[in-house]
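Chemist: OK, TrEMBL features for this one:
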| type | residues | note |
| --- | --- | --- |
| ACT_SITE | ASP84 | active site, proton donor |
| BINDING | HIS85, HIS177, HIS207 | Zn(2+) 1 binding site |
| BINDING | ASP105, GLU135 | Zn(2+) 2 binding site |
| BINDING | GLY178, GLY208, GLY209, THR210, ASN229, VAL230, ASN231, THR232 | dihydroxyacetone phosphate binding site |
Amino acid sequence: MLVSAEKMLKEAVAGKYAVGHFNINNLEWTKAILLTAQENNSPVILGVSEGAGKYMCGYKTVTAMVTAMLEELNITIPVALHLDHGSYEGAKKALEAGFSSIMFDGSHYNIEENIEKTKEIVALCHSKGVSVEAEVGAIGGEEDGVIGSGEIADPNECKKIADLGIDMLAAGIGNIHGKYPANWAGLSFETLAKIKELVGDMPIVLHGGTGIPEEMIKKAISLGVAKINVNTECQLAFADATRKYVEAGKDLEGKGFDPRKLLAPGTEGIKAIVKEKMEIFGSINKA
Ligand code: G3H
Ligand code: ZN
């Protein structure tokens, strides 16, 4: 059964670790992440961007696939199905389709409009026991068509949004979607500490988890980060393993072109990344 992310994130804040949010794109991605989480007894959040939702034939298809997989793979760890960077309309659609957690990304609105819309989404989601993530500031770079300015969050605005009763807060602290450029200035721990001071035990979400050095991740967790989003790193691992398989001509040997064989190395690549992240985040054996 899918669960809201509320309880798992409160436990993460109390236990000083973070739950991994891994984006899914299809059956292989979902299966790889769920099996790795189960094998490592870790809670997990499956992230679905609006683009990936469309790719997977709509949110209802995604909910049906994930809930069936939980049953048929005997997944017993806590799993939240979470809309990633949802628009106002997208949030309502995913809620309707049975997602157990929703991110409403109103960071591109002015703060008053972000507050109004977030408030409405919180009321709708909480009436169904669904958790809500809101965003202040902006994550730099681009993810699935969502382009962010990289604006560092204003801690006072974070407090205003946190006070709306959301369950987790995404704040722009210099984090970027996709690979980090060589001249990246790093995370603003000063901003994170100020936000933490104002929002108390509110779980803070770190987007752009790909490529952030381990020491920075650990410091961010010590300052209240309880959910870390990873997407690009799984895509790179999948592409790399698939390329090696094809370049070695393995798709041409025997029945190597069978999609169940062709997609297997990439799926293993995703599993390795998910396990590595769970170790760094400290979520192993926390289910
Ligand atoms: O919302 C998802 C992410 O923030 C993932 O970022 O692709 O840089 O890992 P990433
Ligand atoms: Zn993100």
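Using the three backbone atoms N, Cα and C, a Cβ is placed for every residue, glycine included.
Burial and contacts for the listed features, if you can.
Modeler: The number of other Cβ atoms within 10 Å of the Cβ belonging to ASP84 (active site, proton donor), over all protein chains shown, comes to 30.
In sequence order, SER49, GLU50, MET103, ASP105, GLU135, GLU143, ASP144, VAL146 make up the list of same-chain residues 6 or more apart from HIS85 (Zn(2+) 1 binding site) whose Cβ falls under 8 Å from its Cβ.
Using a 10 Å radius centred on the Cβ of GLU135 (Zn(2+) 2 binding site) and all shown protein chains, the other Cβ atoms total 27.
Residues near ASN231 (dihydroxyacetone phosphate binding site) in space but far in sequence (CB under 8 A, at least 6 apart, same chain), listed by position: PHE22, ASN23, GLY47, SER49, GLU143, HIS177, GLY209, THR210.
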Chemist: Out of ASP105, GLU135, HIS207, THR210, ASN229, VAL230, which binding-site residues have CB atoms lying under 6 Å from ligand 2?
Modeler: HIS207, ASN229
Chemist: Which number gives the other C-beta atoms within 10 angstroms of the C-beta of GLY209 (dihydroxyacetone phosphate binding site), all protein chains shown included?
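Modeler: The answer is 26.
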Chemist: Just checking: which of the binding-site residues ASP105, GLU135, GLY208, GLY209, VAL230, THR232 have a C-beta under 6 Å from ligand 1?
Modeler: GLY208, GLY209, VAL230, THR232
Chemist: What kind of secondary structure is VAL230 (dihydroxyacetone phosphate binding site) part of, going by DSSP in three states?
Modeler: strand
